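Taken straight from TrEMBL:
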DOMAIN    1-88  domain 'Fibronectin type-III'
DOMAIN    89-175  domain 'Fibronectin type-III'
DOMAIN    176-261  domain 'Fibronectin type-III'
DOMAIN    262-346  domain 'Fibronectin type-III'
DOMAIN    430-517  domain 'Fibronectin type-III'
């Protein structure tokens, strides 16, 4: 083993180690240092001198020995030296309570009599500050804000020997930023806060507070964006600088008033047609308001006001889009709800009402803007008539006659409903149809018509309509008279009422038949002495005829469907009154009177022929009336002969009549106005040429000549 080394010196510079110096031992490759504290010891192998034993306790007295080592083994320990480790360094707790101070504190160090603390800017600028104290804390003031300082501290014992030192770099907290500016972005509802950079500040924190609400923005630059601000609010903005030492004081708060919120409780109404009133609730921080009104045709108007309402002109049938903005120095409020307001559709124009019948009116108008539907209401009488249609026309039917209606056409839209401000138009219906109650005959061609009148200020026209034509009468009352109606005609009588409003429907037709016409021509022809034939022209409307010949001595009458009649039992030479009754199919009768009729005088009797001298013949008869003149006719194959006696005589003579012929002899009364009678008895005489005799043959149905 190598020789025992000898310790030259041993000392402690650090509280956890002792350094030993010795002379080298030949042949030794290593050395073992041993520090013993009572029963505990610490060994360290080193190569050469000096060597240091570490891991020791501060302020502790150790026995130090050294042994040399080689491949042969270890030497014996050297004589020991007693060495005490120095005091431990105080463990500092350092912070910067303000931007210009650093507070240092530590725990008490074992065996320490006092402490020395020094402070100096780490960049070497300025002077060093040093404080000796027996306390365990101290504060350095009047420092530069945000500056890095190096702090060194150690403890010393009662002998004034310093222990380990402790070095610590500490920065003072930054000063509060200056020149804080706030720029508000109204569109994004955010604020950009900027300031002058502060010495030593590593980061900054911007606090935006409103009541209990606090918004923060952290940054390492000199500006920060604070988003999500609320409209209509006042915020207080402060900036705090930070570094590893702490924070600065917050800057004085800067007031930030954001843009006002969009106005609420917006109401839109038409206080009167053509005027829109837009109102809203006031908002916080709203200095003035702008209302934009844009119509659906693209036209836009606006209104600036510091009040909470605006008036606008409006047109019917338009949709207006309305938005209200509030303004202050920060800018415009966000876009709120856009309201649309549709004004009532326009009232129909070019109104026309045309009656298509007495109780039906067709109403037309010009289509108007904004109307989806039209509602036509006719009010009058006992009930209203309603018509709804999308077309610009409507037909109102079943209207009451003789009634004044108020007709209003309301335009209707789905958005706004009905425009109730449309003015009515007044239309009067035609009069009610009259009802004919009675038709009476006041004369042969005079008809009185009576009806029931239900109208006011109406004129009534009664019409008799038939094949014969039209007859009218007019009245403002309830009756009128039809004059000069033709006989034998059938009519339908109806009445209409007229007024300025129009004409009613005609009443129901009432049939009317006039009495049949009296025949214009009546001819009496005496067929025989006691039979008279009466014939007449047809009487219009007559179906049955009753003819009567009446005299003081009696009456002759016949009923017939024909237009002639034979009347017997006529007394010759008698004056008769002639009457005829024409009777229609319905029993209407016309009594017709004619000029009196006188039957012919009676035929003479006892007609005889006597031979006169030479070739003459005397015709003799017995007259029925001495005042009647007679005429005698002789007709033969050799000629016809006649004679008329003087008045009052009952015979007449015919001279120069050829003999040897058979003559038919007729003696008949003679009248000035009638033709010669042919019905008196005919007698046949044979006039011979021998002697003076005349033979008479009486004709009885057949020609039977007898020679006398």
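Glycine residues also receive a Cβ, built from the backbone N, Cα and C atoms like all the rest.
The helix, strand and coil residue counts that DSSP assigns across the domain 'Fibronectin type-III' (89-175) are 0 helix, 49 strand, 38 coil. Averaged over the domain 'Fibronectin type-III' (430-517), the predicted model has a pLDDT of 91. Each residue in the domain 'Fibronectin type-III' (430-517) gets a DSSP state, and the totals come to 0 helix, 48 strand, 40 coil.
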